[in-house]
Amino acid sequence: MGWRYKLGLGLIGTFVFIWVASAEVTQRIFTSYKQPFAITYLGVSLMAIYLPVAIVRDWICSLCWRNLFRNFSHYYRGTNDVSELVIPLRSNEDGLSDEESCSLISKSEENEPSFHVQSTELDSWGIAKCSLFVAPIWFLTEYMSNSALANTSVASTTVLTSTSGLFTLFFGSLLGQESIRIAKVVAVFISMVGVAMTTIGKTWAPDELLSASETRRHCITGDIFGLLSAASYGLFTVLLKKSAGSKGDKVDVQKFFGYIGLFTLLGLWWLALPLYSLGMEPKFTFPNSRSLTEAVLVNGFIGSFLSDYIWALSVVWTTPLVATLGMSLTIPLAMVADMVVHGRNYSAIYIIGCVQVFVGFVIANISDKFTAKLELL
């Protein structure tokens, strides 16, 4: 378990806290501004800021390397002044002409080993093509997740999003990014049983304004959106890892998400029209107060711009299955947040199911470690 993998696990924990906090804020925003598409479009489009950040970063790095190389060249010339003066004398003693001496020198330079390491990282054009392909998938994931939050509780949304582990294992094995092992299958099975128990289990809160039948209908709609979000989430996770390579050094994640934000900003705004025509979205309006506008912007910056980048690094530095099952860590935190914010209560079946989802994440995380030890025996 290298330092990148350990840091990736730490990033998963950071993402969990940010995601739950952002989900609670998003749900509070929906009470006054129920515009899932607008909030999704804003959050994903904000990631276009990563492009100028990456350009400035590359310029600073190239400038530093250029200065370092220049200083090294001056030092190297200074240490070889004496040898350069001796070379012509030795060549004259051997009876070689100036042209022959130059020929020998050029041949010796050709035979010197090159210390330039070929980079496996995709160039900007290659990253842009990958981002263009997966941008609609990521936008769909975010939109379905926000639509689930608009129709059900944060805890239920996190539980349903955790089913992405099943889709990740399926898509990962299909695309050669995950090996199907018994421990992983058991981990996914335990998580799915836990999800089923949380679906059967009951939750209720004193601040719910809808009737029991309306609440149930909204919860079913939210559950459908949550499952669709989990499916697209699992597919995107596998495609991200496949693009980044096994060591995570093939794609610049900042540029990758920057292009996703740019393509969303320029190419996906028109989706608001068919969604409104189908009755899935209300008529677009701007926030009706300054405080609400600030809340939407800050939540978009932290909940999408920052947290999505942290999550992407955790996927690249660990594995797709571990990262997606790591979403299950949001379940206990979301339950506590719902109890504190909304006074929500949970049945025993719901709580046991949440524990099982968490156990599935632990098994998936340690399965590779134990498998590697058994192979060495």
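For all residues, glycine too, the Cβ spot is worked out from N, Cα and C.
Unlike curated records, TrEMBL annotations are generated automatically.
Annotated in TrEMBL:
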TRANSMEM  39-60  transmembrane segment
TRANSMEM  122-141  transmembrane segment
TRANSMEM  153-175  transmembrane segment
TRANSMEM  182-204  transmembrane segment
TRANSMEM  224-244  transmembrane segment
TRANSMEM  256-276  transmembrane segment
TRANSMEM  309-336  transmembrane segment
TRANSMEM  348-367  transmembrane segment
Distant-in-sequence neighbours of the transmembrane segment (122-141), which means Cβ under 8 A and at least six residues beyond its ends: 40-41, 44, 228-229, 232-233, 235-236, 239-240, 243, 250-252, 255-260, 263-264, 267-268
Cβ pairs under 8 Å between the transmembrane segment (182-204) and the transmembrane segment (224-244), at least three: no
Region pair the transmembrane segment (256-276) / the transmembrane segment (39-60), three or more CB pairs under 8 Å: yes
Cβ pairs under 8 Å between the transmembrane segment (348-367) and the transmembrane segment (153-175), at least three: yes
Long-range environment of the transmembrane segment (39-60) - Cβ separation under 8 angstroms, sequence gap at least 6: 26, 29, 33, 138-139, 142-143, 146, 252, 254-255, 257-262, 264-265, 268-269, 272, 296-297, 299-301, 303-305, 308-309
Within-chain partners of the transmembrane segment (153-175) [C-beta distance under 8 Å, separation at least 6 from its ends]: 19-20, 23-24, 27, 145, 184-185, 187-188, 191-192, 194-195, 198-199, 203, 205, 219, 222-223, 226-227, 229-231, 233-235, 237-239, 241-242, 320-321, 324-325, 327-328, 330-331, 334-335, 337-338, 342, 344, 346, 353-354, 357, 360-361, 364
